[in-house]
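Below is one structure; the comments refer to it alone.
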Amino acid sequence: MEEGGDFDNYYGADNQSECEYTDWKSSGALIPAIYMLVFLLGTTGNGLVLWTVFRSSREKRRSADIFIASLAVADLTFVVTLPLWATYTYRDYDWPFGTFSCKLSSYLIFVNMYASVFCLTGLSFDRYLAIVRPVANARLRLRVSGAVATAVLWVLAALLAMPVMVFRTTGDLENTTKVQCYMDYSMVATVSSDWAWEVGLGVSSTTVGFVVPFTIMLTCYFFIAQTIAGHFRKERIEGLRKRRRLLSIIVVLVVTFALCWMPYHLVKTLYMLGSLLHWPCDFDLFLMNVFPYCTCISYVNSCLNPFLYAFFDPRFRQACTSMLCCGQSRCAGTSHSSSGEKSASYSSGHSQGPGPNMGKGGEQMHEKSIPYSQETLVVD
C-alpha cells in the first residue's frame, strides 16, 4: 500500500513518457479529508474491536478471535500514520517530519497491507478448516495455536515490508523548496535500471499482497459455500432463509475485500508496466491522476471491518451496546435478551431439521451434525 498522491516520487522513478502532467486539483483538499475520516473511524472502530475481543474471558473466545484482533491491530497501526500523510498531501507533497518518520510511517503502511491480508487469509482458512474439515481442524489445533500462526504472519509481513525501510528516504524536489518522501534505489541500481526495481517491487507486492491471498480466500469460501449448501439441502423450507443469509455473508466478505483493493493494485500494476509497454499519454496521465483515489478506497478497508462486525456479528453488537449503556442494568438486560433471541433464531436455522436434534424417523442426531452455527461462521 503506497501513499497515494505522489506516484512517481513514491517509487523513485520519473515518468519516462513525454506527457505533460496535469494534476486533478480537487485531490489536494479531498484526499486529506478522506485520510482524516478514515483515521477517526479506524481508531475508534478498531479500538472497539480490540476491547470487545479482550474483555471476554479466554474460555469464551472463539478460534477466529485471534485473527480478528490481529487484523484490528494491523489496521490500527496503519491508521495512526494517516495524519502524517494527510498533512503531506495537503502541503502539496512537502514532507515536514524528517527522514526517520518518512521511513517508519511508510514501513508501517506496508506492514499493514501484508499483515491485514494475511490475517484475512488466515481467518478464511480457519473457517474452511472449522466448517469443511472439522476433523483435520481439531488435529491441527493440537499442533499449531492461533497465536503462533498470527506471529508467523506478522514476521512474514515485517520481512516483506523491509525494502520500504531500506529504500525510503527524503530529498529536496528539484527547483523547489519542497522535501519529498520517496523510494531511492541509488544504493543498488543505476539511473537507467531504477525502473527494473520499481517494476519488480511493485508487481511482487501486488502478487504477494493481493493476488495469491485473494485466490486462497476465494478457494476457501467456495468450499465453505459448497459445504453449507449441501447441509441446507437436507433441511426443510424454513432453513432456506438462513441459507441465503449465510451465503450472503460470504459474498459480502469477498466482494468487500475485492472492491477495496482491486482498483489500487490494478492501477498500480498498470502504471508499473507502463515503463515497458509505453502507454499512450492520455492513459498514462489517467493512471497517475486516478491512483490517489484508488489508494483512498483501499484505505477505507482499514475502518470498514468494524462496521461489518457490527452488522453481521450479534456478539459484537451486544458488546457495543453494553459499552454504550455504561453498565446500566436495564439496558444490559435488554441487550442480553435481544441477543439471546437472535442467537437462538440464528442457530435454529442451522441445527434443526424436522424437530429439535431429530433425524429421520425421530432418531436423535449427534451434536457433531451442527458445525455451521454462528460460532463457526464468524465473519471477517
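Note: Cβ is positioned from N, Cα and C throughout, glycine not excepted.
Among the features that Swiss-Prot reports, N-linked glycosylation site is placed at Asn15 (among others).
Look at Swiss-Prot and you will find 31-54 (among others) tagged as transmembrane segment.
The transmembrane segment feature in Swiss-Prot is assigned to 65-86 (among others); the stated evidence is similarity to another entry.
Trp85 (site 'Required for APELA and APLN/apelin-13 interaction and signaling'): 25 other CB atoms within 10 A of its CB, across all protein chains. Feature annotation from Swiss-Prot assigns site 'Required for APELA and APLN/apelin-13 interaction and signaling' to Trp85 (among others).
The annotation transmembrane segment is assigned in Swiss-Prot to 100-125 (among others) on the grounds of similarity to another entry.
Among the features that Swiss-Prot reports, transmembrane segment is placed at 147-164 (among others), with the record citing similarity to another entry. Residues 66-67, 70, 74, 103, 106-107, 109-111, 113-115, 118-119, 122, 183, 201, 205, 208-209 of the same chain, all 6+ positions outside the transmembrane segment (147-164), place their C-beta atoms under 8 angstroms from a C-beta of that stretch.
Here Swiss-Prot flags Arg168 (among others) as site 'Required for APELA and APLN/apelin-13 interaction and signaling', drawing on similarity to another entry. Reduced to three states, the DSSP call for Arg168 (site 'Required for APELA and APLN/apelin-13 interaction and signaling') is strand.
The N-linked glycosylation site annotation in Swiss-Prot covers Asn175 (among others). Cβ-based neighbour count (10 Å, all protein chains) for Asn175 (N-linked glycosylation site) stands at 6.
Among the features that Swiss-Prot reports, transmembrane segment is placed at 199-223 (among others), with the record citing similarity to another entry. Long-range contacts of the transmembrane segment (199-223) within the same chain: residues 1, 11, 110, 113-114, 117-118, 120-121, 124-125, 127-128, 132, 160, 163, 250, 253-254, 257-258, 261-262, 265, 268-269, 272-273, 275-276, each at least 6 residues beyond the stretch ends and with a Cβ under 8 Å from a Cβ of the stretch.
The transmembrane segment annotation in Swiss-Prot covers 247-270 (among others).
Annotation comment: Swiss-Prot describes 290-312 (among others) as transmembrane segment.
Sequence annotations record features per position, and here Swiss-Prot assigns compositional bias 'Polar residues' to 371-380.
Residues 1, 3-4, 31-33, 35-36, 38-39, 42-43, 46-47, 49-50, 53-54, 56, 97, 101, 105, 108-109, 111-112, 115-116, 119-120, 122-123, 126, 146-147, 149-150, 153-154, 157, 299, 301-303, 305-306, 309, 378, 380 of the same chain, all 6+ positions outside the transmembrane segment (65-86), place their C-beta atoms under 8 angstroms from a C-beta of that stretch.
Arg168 (site 'Required for APELA and APLN/apelin-13 interaction and signaling') is 15 Å away from Trp85 (site 'Required for APELA and APLN/apelin-13 interaction and signaling') when you measure Cα to Cα. Calculated from their C-alpha atoms, the gap between Asn175 (N-linked glycosylation site) and Arg168 (site 'Required for APELA and APLN/apelin-13 interaction and signaling') amounts to 21 Å.
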